[in-house]
Amino acid sequence: MSELAMRAEKLDAADELREKRDAFVLDDVVYLDGNSLGALPAVVPGRVEDVVRRQWGELRIRSWEESGWWAAPERIGDRIAPLIGAAPGQVVVGDSTSVNVFKAVVGAVRMAGEGRDEILVDATTFPTDGYIAESAARMTGRTLRPVTPADVPGALGDRTAAVLLNHVDYRTGRLHDLPALTAAVHAAGAYVVWDLCHSAGALPVGLDEHGVDLAVGCTYKYLNGGPGSPAYLYVRRELQDRFDSPLPGWNSHAEPFGMRGDYEPASGALRGRVGTPDILSMLALEAALEVWDGVPVEAVRAKSLALTDFFLECVAEYVPEGRVECLTPVPHEERGSQIALRCPDAADVMKRLIERGVVGDFRAPDVLRFGFTPLYVGFADVERAARVLARTLA
Ligand SMILES: *Cc1c(COP(=O)(O)O)cnc(C)c1O
C-alpha cells in the first residue's frame, strides 16, 4: 500500500462526516460528479412512494392542505435557508434556476429605477445566465455588458442597475469574493444577484451577513434533490416589498383563491412564486434535505478543502509532470469544491476514466471536472481517483 493510500485510510477514520455516507445509495464507483447531479439520499425512494401512493393516490385534492403541498415552496425554502446563511422567510423553492435568474435580474433592474441603464453579467458565466440576462436587458430596455468578475469593481458606476455573478465558476471551480463584490455593487448604488449553483451545499455563503440583494441556485447538484429538482430564489427581507416579479402568477397573489381579476402581490418570500408547484420533485427534494440535519456548513467546507487539497497532492504524486494543467486556484479562498484539470485529450480520458469506475465529467473543449461532495466522498475515493487518472493518462 502506498504512503498516500495509508494517509487516506487515516483521514477517513478521523473524518467526522464519514457516517453521512450511509445516508446515500452508493456503489463501488468513485462518484465525483455530484456537482452536476448529486447522489440519491436513501430516504428519498420511500418518501416519493408515500407521496404518490398515499398523498396523491388516497388523499387526492385534500393533500394540498393536509399533506402540506400548498405551503411546500416556502417550507422547503426555509430548510435551504440555513445552508446559504439566510434567516427564515426569504427563500422560496420552485421553477428552474434559469427562470429564477430571469425573475431576479428583472426584479433587480426594476428596483434600481429608470436612471440606470446597464446590466453587468459575469463574462465567464454558465451560459444560461448569460442568455437570460441578455433577454432581460432587451425586455427592460437596458444594455448588457459582460465583464469578468475581477473587472466588475472598475465597471460599476451610476449607470449600473444590476450585476449578475456566479459564486463559483462552473468550469474552473474558482470561488469569487462574494462579500467584497457585493459591497462594491452596493457602493455604486446597484443591486447584485448571485447564482449559488456551485456553492450552496459545498461552502458557507452568508447571504444575510453580506447583505446580498437577490440570489438563485439549483438543488440537484450539492443539495442532492434529484434530476430537475426545483431551484430557489432568495430575496432579502428589506427588499421584498419592492420586489416586482416579472412573472406574477396566481401563486404569488395575496389572495390566490380569491380568483380576482386584478393582481395584488403577496408579501414575503412567496412573492417569488409563479404557478402550481411541481410537488413530486419538490417533496423528493424535501426528503433529500434531511441528510443535512445536524451538519454545520463549516464542517462541510473544511472537509471539501481537505478533499481537494488531497486530490491535488495525489495528482502531483501520480501524474507525470506537465501531463495536465490545473485550472482551479490553489489558494483556499479562491477555490470551490471541484478541481478542473485541462489536457488536450480530455474527452477521451474522461470516457476511459468512467469505464474504470471513476466518474467525473468533461467540459468542452479540454476540461476534466471532478466535483467533491463532502457528505459522501471520502479520502480513499480521492486517492483511487488520482491513481486511476494517472493510469489512464499514461
Ligand atoms: C447548473 C447551473 C445552472 C442550471 O440552470 P437550470 O435552469 O437548472 O438548468 C444555472 N446556472 C449555473 C451557474 C449552474 O451551475
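Quick reminder: no glycine exception, Cβ is built from N, Cα and C everywhere.
Keep in mind that TrEMBL annotations are predicted by a computer and have not been checked by a curator.
Among the candidates Trp56, Trp250, the residue that TrEMBL annotates alongside Thr97, Ser98, Phe126, Pro127, Thr128, Asp129, Asp195, His198, Tyr220, Thr276 as binding pyridoxal 5'-phosphate is Trp250.
Most buried of the binding-site residues Thr97, Thr128, Thr276, judged by other Cβ atoms within 10 Å, is Thr97. In this structure, the binding-site residues that sit close to ligand 1, with a C-beta under 6 angstroms from any of its atoms, are Asp195, chosen from Asp195, Tyr220, Thr276. Looking at the residues that bind pyridoxal 5'-phosphate per the record, Thr97, Ser98, Phe126, Pro127, Thr128, Asp129, Asp195, His198, Tyr220, Trp250, Thr276, the two CA atoms farthest apart are separated by 31 Å.
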